[in-house]
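Written out below as C-alpha cells is the structure these notes cover.
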Amino acid sequence: MSKSLKKLVEESREKNQPEVDMSDRGISNMLDINGLFTLSHITQLVLSHNKLTTVPPNIAELKNLEVLNFFNNQIEELPTQISSLQKLKHLNLGMNRLNTLPRGFGSLPALEVLDLTYNNLNENSLPGNFFYLTTLRALYLSDNDFEILPPDIGKLTKLQILSLRDNDLISLPKEIGELTQLKELHIQGNRLTVLPPELGNLDLTGQKQIFKAENNPWVTPIADQFQLGVSHVFEYIRSETYKYLYGRHMQANPEPPKKNNDKSKKISRKPLAAKNK
C-alpha cells in the first residue's frame, strides 16, 4: 500500500529527504497537503499525473527547489510567485491547460530545462521578460498554438534543444541563426514553407545533431532538397541562389497555408467536465 501524503511530508521533514514524489495521487489542491509548504529544505517535488488546476502562491516557500514537475495536470494558471524560485533548474509543465504565463516569469535565474509541451500557449502568452531566461539549455514548446516564434529567441544563446513540433508556425525568425549551441531542432508538423537563410549558420547535420522538419508544406525547391537529405537542405539554404529566392518570397508576402483543424481535438481544448467523465 502506498504511503499517505501526510506520511510522505513527515518522513521528508524528519529524515531531511530532499526529494518528494507525490505523482498519481488524485491531488486536486496543493493546499490540501498538510505541511507541504513547510518543507523548505526540499530540492525536488514531483506532482505529475494529478488533478491540479492551479498552483498556490505558497510555492515560493519551497525556496530550495531545483526540480519541479507538474506534468499531466489541468493547471490553467501559475502564480507570479513561481519566479521567486531562485534555484529552480528544471520545470516541467507539460500536458496542462496554460494559455498564459505569469508576469515576471523570465526572472528564474537558474532555469535550464523548461517543458511547456501540450498546452494552449501562443506568442501572445509569453510575458515581456520571457527571453531573459538566458540560462535555458532546453525549451520544449511542442503541441501549442504558436504562429510566430518571437525574434527574441535569439537571446537564448545557451539553447541546445528547441522543440516546436506541432504548432501553427508560418515562419521562423532569422534570429534562430544566433543559437549556435543548438544540437536539436524539432519543427515538424507546422505551416512552414521556407527556412531563413540564417538557419544555415547552425550545424545540425552531424551524427550527434537532430533536425526534424517533416509534415510542413515546403516550397518545391526545399522539398526537393529534403528528398536528398538534411545536409542538402543546409547546403541549399546557405547558397546565394536561395538567399535571393528567399528575399523575393518574403517581399511577395504570400498567404500562409491554412491551419490544420486536427488540433481542435487536443485534450487541453476540451472542457474539464467532459474530460473527467
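Using the three backbone atoms N, Cα and C, a Cβ is placed for every residue, glycine included.
From a predicted model like this one, the values you see are computed outputs, not experimental measurements.
Sequence annotations record features per position, and here Swiss-Prot assigns region 'Disordered' to 1-23, 250-277. Annotated N-acetylserine per Swiss-Prot: SER2, in sequence order, evidence recorded as similarity to another entry. Under the heading compositional bias 'Basic and acidic residues', Swiss-Prot lists 7-23, 256-265. Per Swiss-Prot, the feature repeat 'LRR 1' maps to 41-63. For 64-85, the entry in Swiss-Prot reads repeat 'LRR 2'. According to Swiss-Prot, the feature repeat 'LRR 3' maps to 87-109. The repeat 'LRR 4' annotation in Swiss-Prot covers 110-133. Under the heading repeat 'LRR 5', Swiss-Prot lists 135-156. According to Swiss-Prot, the feature repeat 'LRR 6' maps to 158-179. Per Swiss-Prot, repeat 'LRR 7' is recorded for 181-202.
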Folded-back contacts onto the repeat 'LRR 6' (158-179), same chain, C-beta under 8 angstroms, at least six residues removed:
117, 134-152, 185-202, 212, 256-257, 259-260, 263
For the repeat 'LRR 6' (158-179), what does DSSP give as the number of helix, strand and coil residues?
5 helix, 4 strand, 13 coil
Residue counts in helix (H, G, I), strand (E, B) and coil for the repeat 'LRR 3' (87-109), per DSSP?
3 helix, 3 strand, 17 coil
Could you put numbers on the helix, strand and coil content of the repeat 'LRR 2' (64-85), residue by residue per DSSP?
5 helix, 4 strand, 13 coil
So what pLDDT does the repeat 'LRR 3' (87-109) average out to?
98
